[in-house]
Every structure is written in structure tokens, then in C-alpha cells.
Amino acid sequence: MKVQGVPMRSIWVESDGWSVGVIDQTRLPHAFVKVTLSTADEAGHAIRSMLVRGAPLIGATAAYGVCLAMRQDASDGALEQALTMLRATRPTAVNLHWALDGMRQVLAPLKPSERVAAAYRQAAALCDEDVAINRAIGEHALKLFQEAWDKKGRKGRLNVLTHCNAGWLATVDWGTALAPMYLAHDAGLPLHVWVDETRPRNQGAVLTAWELGQHGVPHTVIADNVGGHLMQHGEVDLCIVGTDRTTARGDVANKIGTYLKALAAKDNGVPFYVALPSPTIDWTIQDGVKEIPIEQRDGAELSDVTGRLPSGDIATVRITPPGSPAANYAFDVTPARLVTALITERGVCPATEEGMLSLFPERRAQRSAAK
Ligand SMILES: CSC[C@H]1O[C@H](OP(=O)(O)O)[C@H](O)[C@@H]1O
């Protein structure tokens, strides 16, 4: 996408041909800061600290983290050490494991002398695939936006609600849930987006609002608990969110609060869509509530708030009483029964095992073998 009219991706190889550039998402929206990663440890820190975040971007950053590790030491031991360190950065997004599995599959059979070039080729291919996948998701989801607009009699505006940030900042480019928003806006569809602030890290208020503003997409930031009220009053035509891991039967792990939004949508007959790139599908599990690991982060992310003072200085202040513990669950799981449809790069399907296999028939054989 573009920043101040300049096309860019959320991760890139610098002009030196080996170091990796990313946007420091912890500085947005008040500062647009690019950071260069030069070691695998810096890549690991960027993921753990959420300087970069979003399932696909976590995978891409980890892949380049392996590249940086191979530049320093391409031995078998160094490869395993880098894979282990990066795999441990965050537990929920399956893209991290998919990306690292892909790096290991390509690199392990090679001689150390061949690994650096192969690693950068694999990471670049992963990034290009992510961009293509997200664009395709955008096109499929755009048809659903247009259907909703027609159903509404093409009057007023199309109100879409989203949670957290599943935009180009969460991926290499385009985003997943936000990809159709850009395409719809550019196609002249009168779109308006309700942006859940998404406590406690505020990815909606901070990142989604920034992204949409950069692209000129009309939007309104709302508190996380407003969505149900808006749905009751007919102010939401559809919901669309991203995902960090979706099971083989369509259970969806996503940012904390997604489940409650899906419940409100179900109760009010509002379509609830999940933008689902295939690398985010965990074909090895069925029951998301029982089997998806839910990240718990530092309670300070909830008890403290960071923002800009009138002076322009950035400050962090505590909002909870000293001594009050805070529980900071970063994700929840929306059962497939609450999902209207999954929007993948291959098309739209019901959130069911058969629905997903209809789009990914090559997985049918694997599932039969696993049973
Ligand atoms: C396109 S995946 C975006 C997904 O990742 C976010 O989590 P986090 O910001 O903690 O990495 C959130 O769950 C988004 O839906």
C-alpha cells in the first residue's frame, strides 16, 4: 500500500541486499519510523515486542530472521538454534510455524555454503505469495461487499465493522480483512468502517485507523463494547476480521474480543466474515477452544496506556491502581458456528470441514490418512 503516496510493503530487504527493513508499529500513529534488523535476535525481539505483528507479517519476519542467522553462521546447529528461538517468539499465529517449517524444508538438505542465498529466495517467495494471497482475498471479499450494498438498496453507506488490525501492516501488503476495504473504496463503493479500538494494544485505534486514514477510507473509531449496540440499531451491514489460526473445521483464533463480536453479530443477524489466508489454516487440529494456544502477555500492556501529550511528547501512564493485577489474554477462539463464511484466496466457503476441503481438496487425502 502507500504511505504519503509512496508505495511500500511492511517488510523489505534493504539496499545492502541482506539487512531487513520493517516499520516500528509501536511508534504509530504518532511517528512513522523504519527499523533495520541485522540479526536473528533482532528479528525475534521485533516479533516478541510487537514492533511487527499480525500473523502473516510474523511469519515473514521470522523467515528473514532465519536469513539473518544464516549470514552469521550457516551450520546445522545455527539453523536449528534460529528456528527454535524464532518459533518461541509468540505461540498463537500458525503462520510463524508454517514459515519456519518452510525455511527448514528448503535449508536443511543444503550445504551450509548454499543456505544464505536459498534462505533469502525462500523468504522473498513467501512474501510475494502473501501479497498475491491477500489481493485474491480482497477480490473475493469485495463481491460480498457489493452483494451487501445491493441488498441494502445501494442507499446511504455500507457500514463494515472490523476488530484489531488485519491490514497491510499485519501482512506483507494489502492485508486480509482490510484488502476488500481498499478495493471497495477505490471502486467508488460508499464504504464506512467501524474500527474497534481493540484493547489493550489498541491495534484498531492505532493501526487500522492510521491505515484507513492514509488511504482516505471513511472510518470511525469505537470502543470495543459499542459494536453490539450498533448492530442492534442496524448500523452494521457486515463484520470482517482476520485470524491468527483457523482449525480444519473452521474455528477461528483472532484478537481477544473477536468472539464477543461474533456473538453480537449472530444475535443481530449480521454477517460475520473471516478473511483467511491458507497459511493461517492449521489442518492438524479441529477444536480451536481446546487446541489453539492462547498467548498471555504482560499485564502492563493493559494497566498502562501510551499516547501523545499536548506538548507532542509520548508518555505512558498507568490507569489501574497500584497492586491491582491485570490478566492480558491476547486472543480468543470464535467457534465455526458463529462464522458466516471464510474468505480464502481460493474463494468463499462455509466455516465447515467440508467447506474448507472443497476449496483445498489436496488436503482431503491428508485428512483421510490422519484419521
Ligand atoms: C492478518 S492477521 C492479523 C491478526 O493478528 C493480530 O494479532 P496481533 O496484533 O497480536 O499480532 C490480530 O489477531 C489480527 O486479526
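From the backbone N, Cα and C atoms, a Cβ is placed for every residue, glycine too.
Close to ASP244 (active site, proton donor) in the fold, though at least 6 residues off in sequence, lie ALA55, THR92, ALA93, VAL94, ASN95, ALA253, ASN254, LYS255, THR280, PHE331, each with a CB less than 8 Å from its CB. The active site, proton donor annotation in TrEMBL covers ASP244.
For ARG90 (substrate binding site), the same-chain residues lying six or more positions away in sequence with a CB closer than 8 A to its CB are ILE47, ARG48, ILE58, LEU96, GLU295. The substrate binding site annotation in TrEMBL covers ARG53, GLY54, ALA55, ARG90, GLN203, ASN254, LYS255.
What TrEMBL lists as site 'Transition state stabilizer' is CYS164. CYS164 (site 'Transition state stabilizer'): 29 other CB atoms within 10 A of its CB, across all protein chains.
Every protein chain shown contributes to the tally, and the Cβ of GLN203 (substrate binding site) ends up with 27 other Cβ atoms within 10 Å. Close to the recorded substrate site, the chain also has ILE58, THR92, ALA93, CYS164, ASN165, ALA166, ALA170, GLY242, ASP244, ALA330, PHE331: residues not among ARG53, GLY54, ALA55, ARG90, GLN203, ASN254, LYS255 whose Cβ is within 8 Å of the site's Cβ mean position. Per the record's binding annotation for substrate, residues ARG53, GLY54, ALA55, ARG90, GLN203, ASN254, LYS255 show a top Cα-Cα distance of 17 Å. In the three-state DSSP classification, LYS255 (substrate binding site) falls within a strand. ARG90 (substrate binding site) carries neither a helix nor a strand DSSP state and counts as coil. Look at ASP244 (active site, proton donor): DSSP puts it in coil. Long-range neighbours of ARG53 (substrate binding site) (same chain, six or more residues apart, CB within less than 8 Å of its CB): GLN25, ILE47, ASN165, ALA170, GLN203.
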